[in-house]
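Q: In case it's useful when we look at the structure, here is the feature table from Swiss-Prot:
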REGION    1-31  region 'Disordered'
TRANSMEM  39-59  transmembrane segment
TRANSMEM  96-116  transmembrane segment
REGION    127-238  region 'VTT domain'
TRANSMEM  132-154  transmembrane segment
TRANSMEM  184-204  transmembrane segment
TRANSMEM  212-232  transmembrane segment
TRANSMEM  249-269  transmembrane segment
Amino acid sequence: MQVHERSHTGGHTCQCNHGSEKKAPATGKVHSEGGSARMSLLILVSIFLCAASIMFLVYKHFPQLSEEEREKIKVPRDMDDAKALGKVLSKYKDTFYVEVLVAYFTTYIFLQTFAIPGSIFLSILSGFLYPFPLALFLVCLCSGLGASFSYLLSYLVGRPVVYKYLSDKAIKWSQQVERHRDHLINYIIFLRITPFLPNWFINITSPVINVPLKVFFLGTFIGVAPPSFVAIKAGTTLYQLTTAGEAVSWNSVIILMVLAVLSILPAIFQKKLKKKFE
């Protein structure tokens, strides 16, 4: 892993220098890494502002709304917001089908790309607005694309930030990834179903520890389907819910755990067969 190699190289350099020469390169390296991290953060903020501008254009091209309806067009922060937003969108969905769909699609991807809370409510909302097959495909596609854009942002400009703030955690996860390298897609699916690692952490560290983008996208697309299934089904009874937690029952949790185990079983059997024939 690059994080590990980087620290190893730094340690080797320090051992080869003596006296005052030993401190100068280390200080220069700290300033260099700090500057790189700051520059990366500035670039990320610039990209975020550009994406926010696109979101504003989508909002401006939305159908003409009343003042009361405009106040409800916002990223939902709780179930009341989701209900209010669902009421407005359902009113315009049939007449302005494409506009509503594009607004939903871009908003979901925007939230996923920049790890902004609220996508769980959009998943629930999709079950209220659309037929189940379309809703499930939409949520999986938006999750896969949004996570992949987050991956690409980290690949292009986020590495210094990961090195500076998350290197220890990234090294630990890199070791896990190496153990599952032969069945990586199953491992990604397992992580997406289970809550063991935050999604934002998976997104930004995957390019640093050499998880291929194709595997990352497919693992995410498939892995988010089971939890999304639960949220979308809950969306059919949107107005009976008072919190997002009510969308998840004990039956749902058990089903998710079973699916998580099933996703990792091929890898377990593959390891056992490999040991048997060696």
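Cβ atoms are placed via backbone N, Cα and C, with glycine included.
Predicted, not measured: the structure shown is a model, and the values here were computed from it.
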Q: Looking at 39-59, 96-116, 212-232, which one has the highest count of Cβ pairs under 8 angstroms to the transmembrane segment (184-204)?
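A: Of the candidates 39-59, 96-116, 212-232, 212-232 scores highest.
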Q: When you scan the chain for residues with a C-beta under 8 Å from the transmembrane segment (96-116), skipping those not six or more beyond its ends, what do you find?
A: 48, 51-52, 54-55, 58-59, 61-63, 75, 89, 122, 125-126, 129, 138-139, 142-143, 145-147, 149-150, 153, 199-200, 203
Q: So which residues does the transmembrane segment (39-59) touch in its own chain, when a touch means Cβ under 8 Å and the partner is 6 or more beyond its ends?
A: 73, 102-103, 106-107, 110, 113-114, 153, 157-161
Q: Taking helix as H, G and I and strand as E and B in DSSP, count the residues of the region 'VTT domain' (127-238) in helix, strand and coil.
A: 93 helix, 0 strand, 19 coil
